[in-house]
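One structure below.
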Amino acid sequence: MSLPRRIANLTAALAQAAVPALGYAGSLGRTVDPRYQVIKTPVVPATYAFSIWSAIFLTGLVYAIEQARPSRADDPLLRRIGWLTAAAFAANAVWSVLAQLEYPLVLTGLTLLVGVTAILLAADRVFRSEPAIRGSDRWTVALPVGMLAGWLSVAIFANWSVVLADWNFADRPSRTLQALAFLAGAGLTAAVMIRRTGGAWPYVGVVAWALVALIVGNVQRGDPALAAASAVLLILLGALTWRVRRHARLIEPAMWWPRTEGPRPASSR
């Protein structure tokens, strides 16, 4: 039964883009920005970084339309990731509703946990598919999934840092250590996914975007230690990406983004 899955993706992709727009229009609570601008932790990127959501929403809609085409109804890869992407899109929409209506911040953190889990699983299946994803699916499937996975890999830790700050945990002397722990968590998540995705550019590029914005944000807030830590993490992840991609190119040099080594059975797609 592919129709419910396809409708769920289309509906959720529209919702994740429409709910924030309703907030800006004053039709559903208030915009997310004011509340999160008040609580600025060292793990929250500079404000400009959040413009990435426009690209994420747009590519998500492209993906939703593509997977809804009748000719793609029985596509093996879309069957494997369809409910995961629908869950991730729906979680984004619910997150926006909770934030705009000013529900407790912990609910946004729990909701985002659902979204990040779903999209990371989807990204793993996309970039480790056999045969490797090619053609227009690079743009209509891999790009949106990779971008959202990359952003949420960092955003989940930023969100929970704000939750703890809202509970006044960030005012304690361990504030810097707490921020470093969140940063390490984001780095570990990204490192695992870089290995799993073969250093896929849609994923790596958005993670780099987030880390550069963390450097800028901490420079603006006068926190050189966290800015330096973010820069070190960016360099380490860049080196890991280079190593993973270099190894993968020796296996299949023509791929736009290489997958990790090891054959996978066609049925796993």
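Even glycines carry a Cβ here, placed using N, Cα and C.
According to TrEMBL, the feature transmembrane segment maps to 47-65, 77-98, 104-127, 139-164, 176-194, 201-219, 225-242.
Sequence-distant contacts of the transmembrane segment (77-98), counting only residues of its own chain at least 6 positions beyond either end whose CB sits under 8 Å from a CB of the stretch, comprise 2, 5-6, 8-9, 12-13, 15-16, 18-20, 23, 28-29, 32, 60, 63-64, 67, 107-108, 111-112, 114-116, 118-119, 121-122, 125-126, 129, 133, 137, 141, 145, 148, 152, 269.
Beyond the transmembrane segment (104-127), the same-chain residues lying 6 or more positions past its ends with a Cβ under 8 Å from any Cβ of the stretch are 77, 80-81, 84-85, 87-88, 91-92, 94-95, 98, 133, 141-142, 145-146, 148-149, 152-153, 155-156, 159-160, 162-163, 166, 189, 193, 196-198, 200, 203, 257, 259. Contact between the transmembrane segment (176-194) and the transmembrane segment (47-65) is absent: fewer than three CB pairs lie under 8 Å, with pairs separated by 6 or more positions in sequence. Panel annotation: around the transmembrane segment (139-164), residues 36, 39, 41-45, 52-53, 55-56, 59-60, 62-63, 66-67, 77-78, 81, 85, 88, 105-106, 108-109, 112-113, 115-116, 119-120, 122-123, 126-127, 133, 170, 178-179, 182-183, 185-186, 189-190, 193, 197, 200-207, 209-211, 214, 257 of the same chain, lying at least six beyond its termini, place a Cβ under 8 Å from a Cβ of the stretch. With a threshold of 8 Å between CB atoms, the same-chain residues lying at least 6 positions outside the transmembrane segment (225-242) that come near it are 42-43, 176, 179-180, 183, 186-187, 190-191, 194-195, 199, 204, 207-208, 211-212, 214-215, 218-219.
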